[in-house]
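Colleague: Below is a structure I'd like to ask you about.
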């Protein structure tokens, strides 16, 4: 660990001092009345990040994977069919988790670099006359490939096929960084994690849960206890958790929400878009290409970048860490060795982003990539320097 | 939250500065080779706290309840029978969790204040000629009543009845504070939590898992994914987690293990015993009695204390918080209103313990309890001041 | 260092987490415009703690001793006569400092345990027909003996003798903890330190400076540069320091002022008075006596307590530190071996104070003092528990 | 304050987390025996950073300016002549301070951008047959102009003129970052500050004091008390300070020394040289020039860079702060409006340095400087990427 340089992994992000220090609080009795006074507004205020007024926000001490498990076990029965598209490591892992829980997973296979294709979902749902499919699962932002899918289009596909399936969305690497409209998109469970847009350490799954999803819990026979929505919602209503709550992470979330609100969510999203576009211009200047196949699929939080033929992306990221003390994302699964990733989410500024670009360029030069030093940086600078300044909320 | 006074809840404990600051680390790429170098020894070094050399330590970002879930879902099949004794809120809650997971729970009901009675376990196991019972569950330290059970005696009962059942132990409020001998007691899964003896914030379940338990996973059909032992163990062996690890909590655990080792586990246990006995002498000086029925049941981490007839323990703990800014444990379940609890675990010294006793005495006087101010303090002082000094490990 | 137990030295005090974390800020460019925006109000808001609206607050990166030096070197000429009473180690040290700077010090010798006797000041000033005395120096709270002097009475003495001498007051261990009325008492320079009532680490001298004192600077020929009031005031007016400012201590002072304001200065003073009286009742219950000779001299921030004949106060404080990990103040100068001190200032609650009393009682018992365990605690409890609750400002 | 981006002012530097957290320690009784055990080695271990085995290290709670004052007031008499060269704001300010203390300052005026010219010192000293000059003062690294002077050559000049003058050196912005050889260069007092090479917040002057300088104190009649070397040295020998020590800064210094030692002082110096040279190559690629007139004068800790004719350096640094949230050093004194400064000292990596260069390039482009985006970055990258990796000591 270098501790001086920013990290450029697609989460956990760089953690603002405000959040690190807020979480360094001494123990606060979770049964104390003033803790309850703090706890309730956290769940309320988090709703806006999910784009919901009608749903609930439910938190678990877990990683985002715990949120995936909560989504499927609370609302489904063993043997139920779920429809999901596989186009990266995280959609793949969610599939495995569903299978672990005895669900029948109908998989729309797509090339890595593609997103959730609404037309194929619509076809599958339309074909499902018997409504065997109980839920559609979609990975909003596939962290392995830097692909953002159009969840609104998936919703439209469900509606067009007049299908009653619920919609569960993995928004772990999008929520808090890219616009998310849970209510408008009719999302039943949206899963986020503390360590991405919320800029906190890993340790909390944060779920947006629709009224429909909560209503579905009673009949859902998948076994669950730790991740039970209704037990949690009931305890939350009484000011607590069904078990010991992760108080320090909740205090961090309080501060994180304050930071996001102070900056303004629209400004947060605009900043991410701006940072991302600068990185993409650097990629273009290097003559490289993104794993994401088309601009409308480009993620605002992470870019997966193919290295040229004959180069090994793992050698690149290892070199960056070993020589310069900077972490970039490795290629995962099918992308191993072929692509590296630059995370550009959370607590990040153009200045920080440029340091990542400048560093990876040095690595490329060290490893004889056919790039010109400074070229990608210049392309990003040209983009970052125009337009209105986009400062992070003042600390 | 007062933030100045110690807390006297039975966990989360007072968090030493060392741990708070260690956890305030900036993001460390969990895939970086030097993180892996740090991660492995954490799991190895934690074994000694569980008293195991043969088992593995497996951690989850969760609360202790997640560890309960891991224990039963990894090693059992739906419909399997487990044998457990109910004598407090936490044994009760583990029963509910088992039922949530479709297990058949055979309950030995015991009065609150009792512990796990080995003879009744032996009788039940001996009667189970068909070996329907697949696991015996025991709450080592029932936090609601301040009762410590003799796990070695439970093991002896299992052996005496020549029964093949596994043994799962809830050591959430004992491990790291009281001697725990996983190997010697033949425990198959032992569950601890970060926020008790490890003195960290809530957020990590820490499980000791025997070879037998790991071997049982393959045939265990209870559904699980997030809490899957074998997926976690396999990922751990490769230096990681099956999902994003809670790096900051792991760094906290590293520091916690260093503190426990520096003090010496035997000294840690002796300090807890000493602190506990001082509190009990105060209770006696007040003319009150413990919920725990007999000395051999007395917990070294928490004392549940009956208030006199006609008094309301909730009024007492509320008064302590509202008037003096000090948190004590409330009476839970059957003990609501009848008993309050003094947590005396984790990062605590005689000086701190005396401040709790002095404060609760003021509360009692304010509420017209028939006690003499200073009486309990004096009894504790007399005990604390004799014998060898027992300092916490230097920070 | 134990790090768990409170300290009971008369400063540096226990530092609230809020202040420790506020001071852990990353570097903030001291020439940045937004730092200037923060800096100005700090100096303004500090005025109320000094009880001045007409004077200025001037800070130096130094200890309180630097403030003493600033007071005398900015306003006096070499060879000038100053009048001061010596009744403890800190008044003694200020005398030495004056002598180091070539001043002629006229000393009113008083027994340790006495304060500044206004009648003797009046006599000396009245006798000084030629107005040879240029300044009267007074130690508001003599930390070595736990004696508070009546500064208003000194002012009255100056006025009664119709003497033009300036009045410099050492308020290091009083300002921020006890009422201080710089304007009302006609104080020309009041010296405070960050590590007492402001609850910060040592490192900043904080001076209240009257218009008269500032006007005197021009003609004052004592050499000075680092501690020059006018250079500092001019730089402050421009938003800076004449040299690099101690930004992190200033940020700590900002937070400290916010805490004092949130609690309310009157409440802060009342809390100190209450804590002090409880300690004094314990002393009385032990059958011991204070160094301070009369109730009107009793300090609200520190009590110096004579140990019985035949006992060694250093053995007592050493034992407390070595055996229980708790720091009390040693006897200084004439009081070495004869008296120990309990600091009861800054971030402190009754609960914390009782832990100090309980600990020192154990020490006394260990060393065979003729006291009864719990007796002092009970006396303090009886006092602390009555009347309105006096909580520290919520963190 | 942005808090996310590095600062590029020439001190205070970016503060490593290790130091910030070490300084967040709770109060440690400065009279406790274990504090003394920690305190002594700090002073001892600091000696190697000064390059002395024969001298003492003496610390004051102050800024570097306090160290200047200590140097001249401890070793000189009022009216003594000191010889100093003025070539920047900090040499200028030391002159003013000397004059404040009644010294007769003989000034060798040099153009800003020049350093201390040994031949002119030698001429002046040779001419001083009566040895009226009692001390030679030299600013090792003039922070305002980015000029490093050759202190060894000044020593040679003193020796060549066979002059008994003492040698006082301002090493505030060099010590800990550039080689400093107090013994070899015959420096009598060397002044450093916590906020530069030691990477701590402002608040401590750290002085290296030769035996000769200490011996000179007795006869030195300049008034002093707070900054008295002998009082401090005597108190240090007893394990303390003559007043309350700045414990938290001392704990920070302990950690700082550990970091410097872990990296190795030679590696620290090599890293600074490397970072500086990269910055200079960027300057060259921009077609700009340094204030420092010749390569042998180039500072390894700060580069002062002339902006092109017709541009205003203040507009540049203001734009950087307002638009990108990044602090650079402004032009001081004669350089106001003409030059800006890039600090490249303390806790800094190539990655961080590149982020500063990339940011200032954006500012230049925004303000229509005749530079090409990426050009300076590329020049620095080319330099940083070659040769052995120079990582900061692992945190």
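These residue numbers are counts, starting from 1, taken along the chain as shown.
Cβ from N, Cα, C; glycine included.
Pulled these features from TrEMBL for this protein:
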- C:30-303: domain 'Aminotransferase class V' (DOMAIN)
- C:196: N6-(pyridoxal phosphate)lysine (MOD_RES)
- C:341: substrate binding site (BINDING)
Colleague: Just going by other Cβ atoms within 10 Å, which of the recorded positions C:196, C:341 has the emptiest spot?
Modeller: C:341
Colleague: To the nearest whole angstrom, state the Cα distance for the pair the residue listed as 'substrate binding site' and the residue listed as 'N6-(pyridoxal phosphate)lysine'.
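Modeller: So the alpha carbons of the residue listed as 'substrate binding site' and the residue listed as 'N6-(pyridoxal phosphate)lysine' sit roughly 15 Å from each other.
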Colleague: Tell me, by DSSP, whether residue C:341 (substrate binding site) is helix, strand or coil?
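Modeller: Residue C:341 (substrate binding site) sits in a strand per DSSP.
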Colleague: Any idea what the model's mean pLDDT is for the domain 'Aminotransferase class V' (C:30-303)?
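Modeller: Across the domain 'Aminotransferase class V' (C:30-303), the average pLDDT comes out at 98.
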Colleague: Specify the secondary structure state of residue C:196 (N6-(pyridoxal phosphate)lysine) as given by DSSP, simplified to three classes.
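Modeller: It is coil.
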